[in-house]
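Q: What follows is a structure written as structure tokens; I'll ask about it next.
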Amino acid sequence: MADFAHALGLPTEIGFHDIFGFEPDLLAMVPQPVHAILLLFPITEASEKARLEHAATRNDDAASDDAARVWFTRQTIGNACGTIGVLHAVANTLNEYSVADDSWFGRFFAATRAMTPGERAAHLEADDSLEAAHAGAASSVASSTATPSPEREVDLHFVALVHVDGGLYELDGRRDAPFRHGDTARESFLVDAGSVVKKFVERGGDSLSFNAIAMGPNGGDAMF
């Protein structure tokens, strides 16, 4: 994951770190500050029910406010949820670091800044350079996970959790808009996000197919 993100322009001082659990002693192992969390979880009936209930109860005015402050894109490319998660994580944490204007991230975010989530998705689909970067990272020895083909059916999904203007947002490309879970702060984001992750785990039943990854300072032990 780090190879892919760095190839697109994420500064090398930012890395990705495994979160082994959300108990205080385990959270103390995570380099701070945490800028975003990428969560891999199993798609279950309970998780889908929660997603649809969130959409049904969304306040349109609040959703409009969220859309104005949170960078969000729809996912229209099959099995690209990890890529979408990285985009959501980086785009919403550029107040913590910067990317070069001539990097892929710099060009993409500049081009899509004023677009709707649907327009951003279409722009992403048309970008062949992203696929090339993804292929290069996937072939790297340091890359530890294989990316499934767009046609392959999978029952796992990535979402990003980010802190934007005092809100804790879940960004899922299958949704129409960002979903706000509540308030948070830079200092409490990791703990607050842990409460959200625990809800996902509860909806996962007996599944062990969960992985929480923190994006933050690269202390030399980045996992991907």
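The backbone N, Cα and C atoms fix where each Cβ goes, glycine too.
Since we're looking at a predicted model, the values are computed, not measured.
Residues or ranges marked as domain 'UCH catalytic' in TrEMBL: 1-217. According to TrEMBL, the feature site 'Transition state stabilizer' maps to GLN75. According to TrEMBL, the active site, nucleophile annotation covers CYS81. Summarising the annotation, TrEMBL assigns active site, proton donor to HIS157. What TrEMBL lists as site 'Important for enzyme activity' is ASP172.
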Q: Take the C-alpha atoms of CYS81 (active site, nucleophile) and GLN75 (site 'Transition state stabilizer') and report the distance between them in angstrom, rounded.
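A: So the alpha carbons of CYS81 (active site, nucleophile) and GLN75 (site 'Transition state stabilizer') sit roughly 7 Å from each other.
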Q: Using DSSP reduced to three states, classify GLN75 (site 'Transition state stabilizer') as helix, strand or coil.
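A: DSSP assigns GLN75 (site 'Transition state stabilizer') to coil.
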Q: Long-range same-chain neighbours of ASP172 (site 'Important for enzyme activity'), Cβ under 8 Å, sequence gap at least 6?
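A: Residues satisfying the criterion: ARG51, HIS157, VAL159, PHE179.
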Q: Over the domain 'UCH catalytic' (1-217), work out the mean pLDDT and round it to an integer.
A: 88
Q: Using DSSP and three states only, what is HIS157 (active site, proton donor)?
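A: In the DSSP reduction, HIS157 (active site, proton donor) maps to strand.
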Q: DSSP on CYS81 (active site, nucleophile), three-state: which is it?
A: helix
Q: So if I draw a 10 Å sphere around the Cβ of the residue listed as 'active site, nucleophile', how many other Cβ atoms end up inside it?
A: 21
Q: Under DSSP, is ASP172 (site 'Important for enzyme activity') helix, strand or coil?
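A: Coil, per DSSP.
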